[in-house]
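*Asks:* Right, I'll just put the structure down here and ask away after.
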Protein chains: 4
Amino acid sequence: MNGNRFGRLFQVTTYGESHGDAMGVTVSGCPAGLELDESDVQAELDRRKPGQSMITTSRGEPDAVSINSGTQDGYTTGTPIGMVIENKDARSGKYEPFVTAPRPSHGDFTYSAKFGTRNWGGGGRSSARETVNWVAAGAIAKKILEREGIQVKAHVNQIGDIEAPPVTFEEMLEHTEKNEVRCAHPETAERMRDRIDEYQKAGDSIGGSIYFEARGVPRGLGAPRFDSFPARLGKAMFSIPATTSFEFGLGREAREWTGSDRNEDWEFSEDGDPVPEGNTHGGLQGGITTGQPIYGEATWHAPTSIPKTQKTVDWETGEEKEIQVVGRHDPVLPPRAVPVVEAMLNLTIVDFMLLGGRINPDRLDGRPGEYATEYHPSSPDNE
Amino acid sequence: MNGNRFGRLFQVTTYGESHGDAMGVTVSGCPAGLELDESDVQAELDRRKPGQSMITTSRGEPDAVSINSGTQDGYTTGTPIGMVIENKDARSGKYEPFVTAPRPSHGDFTYSAKFGTRNWGGGGRSSARETVNWVAAGAIAKKILEREGIQVKAHVNQIGDIEAPPVTFEEMLEHTEKNEVRCAHPETAERMRDRIDEYQKAGDSIGGSIYFEARGVPRGLGAPRFDSFPARLGKAMFSIPATTSFEFGLGREAREWTGSDRNEDWEFSEDGDPVPEGNTHGGLQGGITTGQPIYGEATWHAPTSIPKTQKTVDWETGEEKEIQVVGRHDPVLPPRAVPVVEAMLNLTIVDFMLLGGRINPDRLDGRPGEYATEYHPSSPDNE
Amino acid sequence: MNGNRFGRLFQVTTYGESHGDAMGVTVSGCPAGLELDESDVQAELDRRKPGQSMITTSRGEPDAVSINSGTQDGYTTGTPIGMVIENKDARSGKYEPFVTAPRPSHGDFTYSAKFGTRNWGGGGRSSARETVNWVAAGAIAKKILEREGIQVKAHVNQIGDIEAPPVTFEEMLEHTEKNEVRCAHPETAERMRDRIDEYQKAGDSIGGSIYFEARGVPRGLGAPRFDSFPARLGKAMFSIPATTSFEFGLGREAREWTGSDRNEDWEFSEDGDPVPEGNTHGGLQGGITTGQPIYGEATWHAPTSIPKTQKTVDWETGEEKEIQVVGRHDPVLPPRAVPVVEAMLNLTIVDFMLLGGRINPDRLDGRPGEYATEYHPSSPDNE
Amino acid sequence: MNGNRFGRLFQVTTYGESHGDAMGVTVSGCPAGLELDESDVQAELDRRKPGQSMITTSRGEPDAVSINSGTQDGYTTGTPIGMVIENKDARSGKYEPFVTAPRPSHGDFTYSAKFGTRNWGGGGRSSARETVNWVAAGAIAKKILEREGIQVKAHVNQIGDIEAPPVTFEEMLEHTEKNEVRCAHPETAERMRDRIDEYQKAGDSIGGSIYFEARGVPRGLGAPRFDSFPARLGKAMFSIPATTSFEFGLGREAREWTGSDRNEDWEFSEDGDPVPEGNTHGGLQGGITTGQPIYGEATWHAPTSIPKTQKTVDWETGEEKEIQVVGRHDPVLPPRAVPVVEAMLNLTIVDFMLLGGRINPDRLDGRPGEYATEYHPSSPDNE
């Protein structure tokens, strides 16, 4: 209801503002028996953290995570995992001009209109800083899914008018993390980089998009209708700040396709299973997974905080005024949103795996109801 | 979890299969004091029902609704409203060939893969017939929102390669329901109609899209993040069968816009309120309503049930075979999806109105906690 | 939120008022593959229905259930099961005097205070008639649990000052349904019967209690704390109209026991499992099942509708007046509440079985993700 | 689902184990505009903390709370409030003997049976230490309810065979916190104190109970049935570790009362409102509040950790053995459970107040949708 909870059986609950004391996330519903320590989470946070390059904000956050509960001797215990990430480099002062004079197209005004107040430093709760919590939770989901042979990957496929050609999953795995734009097509990545530079130098920002793919998701996940896989994934994607579109399979283009072109005949796989002859359907039929790769894309509008002069009004003084939002802001969102998209995919999938009975909700190994005969903290067998 | 529930405070719960005995929907959380009888619901159902024209299925369903509970003397009582719509013209026989030989790109296979069985007549639970329940529930939401000055409208803005020019809200109100395609641009509607005919005659089907707009939604609705307005609306739209994309505001195009072009300066309204100078943001900033119209669009792929010859496999016999899905199927989805989109909008908005404290959850009029001093069934004052 | 939903994975949603057109219940989350037809549900409804004897209301309801969806060829399909039970013998007229003059200690006033109106015929939504829906849903839960070797049974252990001696589970199975009081101790049942007669003849009513036991529930069910087994079961029991206490294990008496007396040493079972030497703990430790029988009891206050003269006020006329609630009312609740208690136990347990991964949420038999190779409606193997 | 969440609109989410790094609680759904700092929460934590007297565990926890988010300039902002309480005096060593040899009647075995592992230090997640989170959250609820004139109070009314006579609400307010037993009847408190001493010296423990009362709760709260006030309150009470019974109004005794004795005639209040002539109904009729005080009681069994010699089995070695649970354990639970009961009452009530539309969910003051014209951090008017 209040916007800080995600997941039905794999439950994520968050708190924190951009310039508050700390960000925090509680993960409940992670089965016992998963090997987990802070380095697993830190690896993902490091991919998202600010200050990675010239095209990201220069805010100096180490984003160091502490796990406060839910593990014993390096393994999860099935009880809630509490994590805290302290904010170390918050400088609220430069946001003072905007307290009652909202930045154009930012959440400043709607938050104040809703709550009659807001944490105004750095955008407060409306800041994309919140997504650090999601990436922390997603890191745990990812570790569970790896055991099941499920893998997700995303990359930036368009920035402004520069669009990358289609890439394979393998190319995404190989190239995405090797350039600061996180585009899996290296040549396009360079062009994107230059284009971002141009906008940044002009005191402006630019929109972009991300393509994602999930491999190894078993067929039969997703309930009909309101809990269909696309409904849940759509909700996940539109939760990410600044998302304005989401599509899967043929997406928006499907409006121009005939049934006979889009439909895919069934054939037998080598194992004698019915499989569709292609994957225009994006891994989802009737809202339920087919076992084919799930793919799609989403769009992020340009960051609203830009140095260019803009006009606003001050609701306290009644004055019209000009503002410049200088400081530490990303000129484009998708490069840092790639790990966020992956996190939301992992969180969505692991939740469906639990709901579909594919993962034991209490513990990853062992029969349900069997107690841990061999467990002892000093035993070499305790793993 | 199981796909038949929508809404948090305005709670919709459904059941029913295409060729089952009846469809049913329970609405809980409707405040007391709303004037409501079956004709209010029937009017919306009549817009969605099959057999309205040559471009919809010829199945002869009267879609007559019975309200079983939740009203007294023509007004809601605050307790659950149970509605039933009987299926009168179900003919399962012609679906027998597909029981173990799934139709291409339909939910036949995924439902069987998930549940190990399925109600195979007419697509069973995966059929869009289920949306009759949503339209019935949406009719109640609509009546509540009318009291608040909130109005939604949708129209078909693209079929195949035929795209309508932008239309105003007033044009949508005036023209949408006057042609069988439900396109608010009459000339385009005719061209769409002809194009659908062509595909239908060729034994094929075609995709399309719907544009929607909501007026009068007050600012401040929507919680941050996972319960943001776009996250909830995205979930609502992707719940509709065959949806492959959803976008709001600039949508997919936002990827090509700079911040300075997309951002909208704040100015004072006549009432001295900050208002944005335009509405590229689509009525939503930071996931919360700004008070500007909310607009967007969604895409439906072509219906998968087509008379053209297709190939499939029979998992029981192990044979490959050719099939033709003849019978009563829509050649295009958006015309009949217009009332469904409107219903999901109304349901989403009324839920946010309740959550945001804008509507008294117990009763529409009177102070909370005040009993009904004047109420008596035979009293002229009882309304 | 609105009081008509129970269960997390096994989801029950209800509607209906005592004198409305029909009662209805939707069960979602029942796995596919359960053999089910209306007679399974009817058998349980018949145990609860009115008019069974002189000590129950004489209202003549056949309580005939229709299953509108969710089954195919006699088996559940995994999709929502919609059931309707029509009200056939509602006579609202005699409730007119109470519309604005509430019956003492009934829900008449609180419903009006909350909603500003109410369905006043027969108590409307506040009537125990609603529990017919619960028993219908519980019948399905019971069928699932039977497959797992789980059995619940309840009996009336006290009426007024007449208390039954402790009985065994086997005695409950053998005797409970054989007398109209539903007390498993035949001699006490007769004394209870006579005492109820006395109160009934005096135009009065009397309170009572029910003891219940659940056998075969595996260990390890129930999450810590807010979703502990007792927390969920307590909620279930206090949902039943007129319940004023619930306790399990030693219950209220535990306040007088020392730790050393109450604690139970662990010993090895024949299978080498740790088992407690007794069951003062009532099958629950740390909020989680131990595998021992779960038992407890609950209290119902005397029915508030009595023929004896009582005083009330009319909030419309401002007059004080005397009323007599004559008509068709139970003089005591527990005899008809026995099937309701059993239903709530079955619903609570099946929900925990699903949440604990003990029952495949999609289908009862077969591996997850395996489609139904052998299924065909005309096949002799399809069961 | 996973036991760490309470509340529907006022949402509490917790983590932490007895001997983990820290306890944590996130409160979401607290409206903006509540004056709140750490001292408000600390005052309640200090009432619950260990080491207050000889009859509580000697564990030396300062229970100092940090608020990590959700406030600005001393007021809540409407966004999630994250709190952390570090564990400072955890000594796990002495629990090593019980890792695979469960303490009698403790959650040691059921946790291991469920999860296949557990955090065994100090009882881990099953420890009542978790309730520190609830008291922290409850402190916020209490502050909101104070503004509405709602007050709750509890006291210990029985320890072993020593029962306090009935006390008034005012006596509870005056005396409860003045003795270490938290019994509002000073003479009885002394006798209870002596009795606890006896058991403690004998290496044993004892059960007890708490009586509670809530004043000022407006009529009309609570939805019918599954979300009735007693159903939600029952769930809250049975969530508290070691609770074995809960009752309200006449409670268990109601089984012996006739309808004519228990029913309360309606009369007019001075304001002309219908009011019942008494309060045997405990403030709840039809599951909804009447406006009369809500009262009831609950029972806690004796603490299971006792120094007396007990028998257990080691599931790793297969040996039977004798154990003594020495160390820092409470000999009786109710004295420290009083603030926990009050917290759960406050949390339950505030949730119903929000759901019933009695408190603006977005902000405590001002009209919905009105932005904060006067707000500025440096303004003297900003409170």
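Including glycine, each Cβ sits where the backbone N, Cα and C put it.
TrEMBL does not curate its annotations; it predicts them automatically.
Note that this is a predicted model, so its numbers are computed, not measured.
From TrEMBL, here are the annotated features:
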- B:45-78: region 'Disordered' (REGION)
- B:Arg48: NADP(+) binding site (BINDING)
- B:66-78: compositional bias 'Polar residues' (COMPBIAS)
- B:Arg125, B:Ser126, B:Ser127, B:Gly286, B:His301, B:Ala302, B:Pro303, B:Thr304, B:Ser305, B:Arg328: FMN binding site (BINDING)
- B:259-314: region 'Disordered' (REGION)
- B:280-289: compositional bias 'Gly residues' (COMPBIAS)
- B:361-383: region 'Disordered' (REGION)
*Asks:* Rounded to the nearest Å, what's the C-alpha distance separating B:Ser127 (FMN binding site) and the residue listed as 'NADP(+) binding site'? Just drop the number here, would you?
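*Replies:* It is 14 Å, counting Cα to Cα.
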*Asks:* Are there any residues at least 6 positions away along the chain from B:Arg125 (FMN binding site) with a Cβ closer than 8 Å to its Cβ? List them or say none.
*Replies:* B:Gly16, B:Glu17, B:Ser18, B:Tyr111, B:Arg118, B:Asn119
*Asks:* Using DSSP, what is the helix/strand/coil residue split across the region 'Disordered' (B:45-78)?
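*Replies:* Here the numbers are 4 helix, 7 strand, 23 coil.
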*Asks:* Measuring Cα to Cα, how many angstrom lie between B:Arg48 (NADP(+) binding site) and B:His301 (FMN binding site)?
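*Replies:* Computed Cα spacing between B:Arg48 (NADP(+) binding site) and B:His301 (FMN binding site) is 18 Å.
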*Asks:* List which of the binding-site residues B:Arg48, B:Ser127, B:Pro303 have a Cβ under 8 Å from any Cβ of chain A, in sequence order, or say none.
*Replies:* B:Pro303
*Asks:* Where does B:Ser305 (FMN binding site) sit by DSSP, helix, strand or coil?
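*Replies:* Reduced to three states, the DSSP call for B:Ser305 (FMN binding site) is coil.
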*Asks:* Using DSSP, how many residues in the region 'Disordered' (B:259-314) fall into helix, strand and coil?
*Replies:* 4 helix, 21 strand, 31 coil
*Asks:* Take the binding-site residues B:Arg48, B:Arg125, B:Ser127, B:Pro303, B:Ser305 and keep those with a Cβ under 8 Å from any chain C Cβ; what remains?
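*Replies:* The binding-site residues close to chain C are B:Arg125.
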*Asks:* Which residue among the binding-site residues B:Arg48, B:His301 has the fewest other Cβ atoms within 10 Å of its Cβ, if you could check?
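*Replies:* Counting other Cβ atoms within 10 Å of each of the binding-site residues B:Arg48, B:His301, the minimum falls on B:Arg48.
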*Asks:* If you measure every Cα to Cα distance among B:Arg125, B:Ser126, B:Ser127, B:Gly286, B:His301, B:Ala302, B:Pro303, B:Thr304, B:Ser305, B:Arg328, the residues said to bind FMN, what is the biggest one in Å?
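*Replies:* The FMN-binding residues span at most 44 Å between Cα atoms.
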*Asks:* Tell me, if you would, which residue among B:Ser127, B:Ser305 (binding-site residues) has the fewest other CB atoms within 10 Å in the structure shown?
*Replies:* B:Ser127
*Asks:* Measure the Cβ-based neighbour count of B:Pro303 (FMN binding site), defined as the other Cβ atoms within 10 Å of its Cβ.
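*Replies:* Other Cβ atoms found within 10 Å: 26.
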